[in-house]
Amino acid sequence: MNQSHFFAHLSRLKLISRWPLMRNVRTENVSEHSLQVAFVAHALAVIKNRKFEGNLNTERIALLAMYHDASEVLTGDMPTPIKYYNAQIAHEYKKIEKIAQQKLIEMLPEELQQDYRMLLDDSYTSEEERAIVKQADALCAYLKCLEELSAGNAEFTLAKARLEKTLQLRHSSEMDYFMTVFVPSFSLSLDEISQDSPL
């Protein structure tokens, strides 16, 4: 049986810092970001199903979100202003991501490749699934801005404003629910979020 380097590569996502051009109070890596996006995407899917007549596979959504940035272990995390500077750069970067996704899939034993292709290759996801994961990704970036601003880091002021516009463009009922019910807590201190539920 041949060895596979797939999970050894994925373990290196923790070495890739996000927001590399910004001063951060606390550095965030791609691995922890992916887990937070999985939490939020799963929540959005549950909210959509329970409150807004959705019919999403919530576990699949969580897995898609968990792997949504996996290709960055080969490409690195390109800053958003560069990645989307114009349509041509965005298109070319998508092609690079696709190549990286395929390279990751090919690292797996052949008998496992199709299972992971369903998670890593965008062409196997529905428009609705992609939309939920993108909403969660944008929400998590927004939450990072709130955390940095709460810690006194004004560096994230413009990023927050840009992300507010992105969230308006990706607007949905489930996102509104999440923003109303869960997001305000991210601007509070540990004492403030703990006072209602002491151990």
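Note that Cβ sites are derived from N, Cα and C of the backbone, with glycine treated the same way.
Pulled from Swiss-Prot, these are the features on record:
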- ARG18, TRP19, HIS33, ASP69, ASP77, MET78, PRO79, THR80, ASP137: substrate binding site (BINDING)
- HIS33, HIS68, ASP69, ASP137: divalent metal cation binding site (BINDING)
- 30-142: domain 'HD' (DOMAIN)
- ARG18: site 'Appears to be important in orienting the phosphate for catalysis' (SITE)
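Where Swiss-Prot records a feature, it is marked here on the structure.
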residue	record	Cβ neighbours (10 Å)
ARG18	substrate binding site	20
HIS33	substrate binding site	23
HIS68	divalent metal cation binding site	24
ASP69	divalent metal cation binding site	20
ASP77	substrate binding site	18
ASP137	substrate binding site	21
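In the three-state DSSP reading, ASP137 (substrate binding site) counts as helix. Among the binding-site residues ARG18, HIS33, ASP77, the ones whose Cα sits within 10 Å of the Cα of ASP69 (divalent metal cation binding site) are HIS33, ASP77. Distance between Cα atoms for HIS68 (divalent metal cation binding site) and ASP137 (substrate binding site): 9 Å, as a whole number.
In the domain 'HD' (30-142), the DSSP tally of helix, strand and coil residues is 90 helix, 0 strand, 23 coil.
Apart from the site residues HIS33, HIS68, ASP69, ASP137, the chain places the Cβ of VAL30, SER34, VAL37, ALA65, VAL133, CYS140 no farther than 8 Å from the centroid of the site's Cβ atoms, the recorded divalent metal cation location.
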